[in-house]
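Encoded as structure tokens, the structure appears first; notes follow it.
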Amino acid sequence: MYASREDIGYDFGDDSKAGSKTIKPNPNIDGGWAWMIVLSSFLVHILIMGSQMALGILNMEWLEEFNRSRGLTAWVSSLSMGITLIVGPFIGLFISMCGCRKTAIIGGILNALGWILSAYASNVHYLFLTFGVTAGIGSGMVYLPAVVMVGQYFQKRRALAQGLSTTGTGFGAFLMTALLKYLCTEFGWRNAMFIQGAISLNLCVCGALMRPLFHVVSEKHVVRSNSEDNQAKALSHSAETVRSNGVLSEEPEKREEATNEEVLDSVQHIETGGKSRSGRSMYGLRILKTVSQLTVTVRKGFAMWYSSYFGAASLFTNRVFVAFIIWALFAYSSFVIPFIHLPEIVKQYNLSSQNNIFPLTSIIAIVHIFGKVILGIISDLPCISTWNVFLMANFTLVTCILTLPLMQTYVTLAVVCALIGFSSGYFSLMPVVTEDLVGTRHLANAYGIIICANGISALLGPPFAGWIYDMTHKYDFSFYISGLLYMVGIIFLLIQPCIQKKQPREKSTEEAQI
């Protein structure tokens, strides 16, 4: 049932030079610094995803302060959560150019700036720009590198590592809710956002921990960055790709690259031989050298990013990956809808007294943490397929969503909510499945597309559920419609691997006949 890159006949040419060099295994793979990467990603999930889960506290403060409609005010938090995910494909471009570490540090500064500027908000529309857009883009620039780095540092225990790092979302929801509630009570919401902005600067520390993964080439005893090798291979491959699309030819690209190298060589020659020149001209030459190096880096990064999306080896030529994108468009909204309508269900069946003792939403959040870790451990077992675990968790979740409206007692609702929390732990398996489909080198761009689809779902899901409720005056239809759409996405995941496996067999039959 599981579709790996070999099964679907999809290869980006990662191993094209595997036979020419002997690469020693890095001791940090599945150990050593890899666990520092997990810690960094865990803290990122606390500070970003945990803070976004706690925005309900600030939402109440904004309603009081600005006296605007609930729908308009709710767009502030929705924008922040949605943009964090939607900008994924563009963050992949930054990672291709600058690497994960620099991208995360810049994102941490931008996120903190968004929180601090929001403390001076005079209206809700000001918050759209400062908190929704600025802090949202900053969050996206830290979140994607945090996921990608865990995938790069782990091979045998990828699912467990992703599960441990993403549990930061659950812990963050509890910690940040308590922290923001305390800060708003003691200092007011404006000072609370200012303090939270200062706390968010710790994202820069998390980014600094994202050390690039190095490997040792035994023939020349040279240590090179994996990302540099990937960029070099992507540049040569993308020249062919861009030419095939009729946008640029290979020759101009080679000429421009040669020109850049000539500029660098000439600058270095002048620097060594022109000591008698004035300091001003030497300073100008250093600037020219820096700009030339930056131009080469940007071109290489853009070539890799472009080839991943629009080239001959585009991610969209992988049908299983396209089906994965369609699934992602429906999956996230189905997980959010129970949080929207559970209060109405509790009120309808007069279960408020029991729900106040132990809220159903808290059951989902707590079990969700354990679900991520347990599903990660199961997926890493040698005899278990990650793809099958992923599909089983999805089937369980969609079944719970379709049956939840039928439950009328607190015990049955608690059981279904616990199953929803556990099965939704498959979120930690999404980067693992993505990496298995496209490879480590394309993980940043591929996972950027997946979380972009999740972001669209997060933006449109809650308003869609509210619109259905306004039309029918029944919460049941929101569960049924979202569950059916979710089921369509799962069916796409089931059909495409079968088609991909069938094609090579048909091809071999035709060759035999010829």
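From the backbone N, Cα and C atoms, a Cβ is placed for every residue, glycine too.
Among the features that TrEMBL reports, compositional bias 'Polar residues' is placed at 238-247.
According to TrEMBL, the domain 'Major facilitator superfamily (MFS) profile' annotation covers 37-501.
Under the heading region 'Disordered', TrEMBL lists 231-259.
Sequence annotations record features per position, and here TrEMBL assigns transmembrane segment to 33-55 (among others).
Here TrEMBL flags 75-96 (among others) as transmembrane segment.
Only residues 6 or more beyond the boundaries of the transmembrane segment (103-121), in the same chain, are considered here, and those with a CB under 8 A from a CB of the stretch are 44, 48, 91, 94-95, 127, 130-131, 133-146, 190-191, 193-194, 196-198, 200-208, 210. What TrEMBL records for 103-121 (among others) is transmembrane segment.
Annotation comment: TrEMBL describes 127-148 (among others) as transmembrane segment.
Positions annotated as transmembrane segment by TrEMBL: 160-180 (among others).
Annotation source TrEMBL lists transmembrane segment at 192-214 (among others).
Under the heading transmembrane segment, TrEMBL lists 309-337 (among others).
Among the features that TrEMBL reports, transmembrane segment is placed at 357-375 (among others).
Beyond the transmembrane segment (387-407), the same-chain residues lying 6 or more positions past its ends with a Cβ under 8 Å from any Cβ of the stretch are 1-3, 327, 331, 334-335, 337-338, 345, 371, 375, 378-379, 413, 416-417, 419-420, 422-426, 429-430, 433, 436, 475-476, 479-480, 482-484, 486-487, 490, 493-494, 497. The transmembrane segment annotation in TrEMBL covers 387-407 (among others).
Marked as transmembrane segment by TrEMBL: 413-434 (among others).
Beyond the transmembrane segment (446-465), the same-chain residues lying 6 or more positions past its ends with a Cβ under 8 Å from any Cβ of the stretch are 74, 78-79, 81-92, 143-144, 147-148, 151, 308, 315, 321, 324-325, 328-334, 336-337, 340-341, 430-431, 434-435, 437-438, 478, 482. Per TrEMBL, transmembrane segment is recorded for 446-465 (among others).
What TrEMBL records for 477-495 (among others) is transmembrane segment.
Mean pLDDT, taken over the domain 'Major facilitator superfamily (MFS) profile' (37-501), works out to 78 on the 0 to 100 scale. Residues 159-160, 163-164, 166-167, 170-171, 173-174, 338-339, 342, 346, 389, 393, 413-414, 417-418, 420-429 of the same chain lie 6 or more positions beyond the ends of the transmembrane segment (357-375) yet place their CB under 8 Å from a CB of it.
With pairs at least 6 apart in sequence, the transmembrane segment (413-434) and the transmembrane segment (33-55) have fewer than 3 Cβ pairs within the 8 Å limit; the two do not touch. Ranked by the number of CB pairs under 8 Å to the transmembrane segment (160-180), the listed stretches 127-148, 192-214, 413-434, 477-495 are led by 413-434. Scored on C-beta pairs under 8 angstroms, the neighbour of the transmembrane segment (127-148) with the top count among 192-214, 413-434, 477-495 is 192-214.
Taking Cβ pairs closer than 8 Å, the transmembrane segment (192-214) reaches residues 26, 28-29, 33, 36-37, 39-41, 43-44, 47-48, 51, 58, 99-105, 107-109, 111-116, 118-119, 138, 142, 145-146, 149, 152-153, 179-180, 183-184, 223-227 in its own chain, all 6 or more past its ends.
Within the same chain, residues 147-148, 150-151, 158-159, 162-163, 165-167, 321, 324, 335, 338, 342, 345-346, 351, 358, 360-361, 363-368, 370-376, 379, 386-387, 389-390, 393-394, 396-397, 400-401, 403-404, 407, 443, 446-447, 450 sit at least 6 positions outside the transmembrane segment (413-434) and bring their C-beta atoms closer than 8 Å to a C-beta of that stretch.
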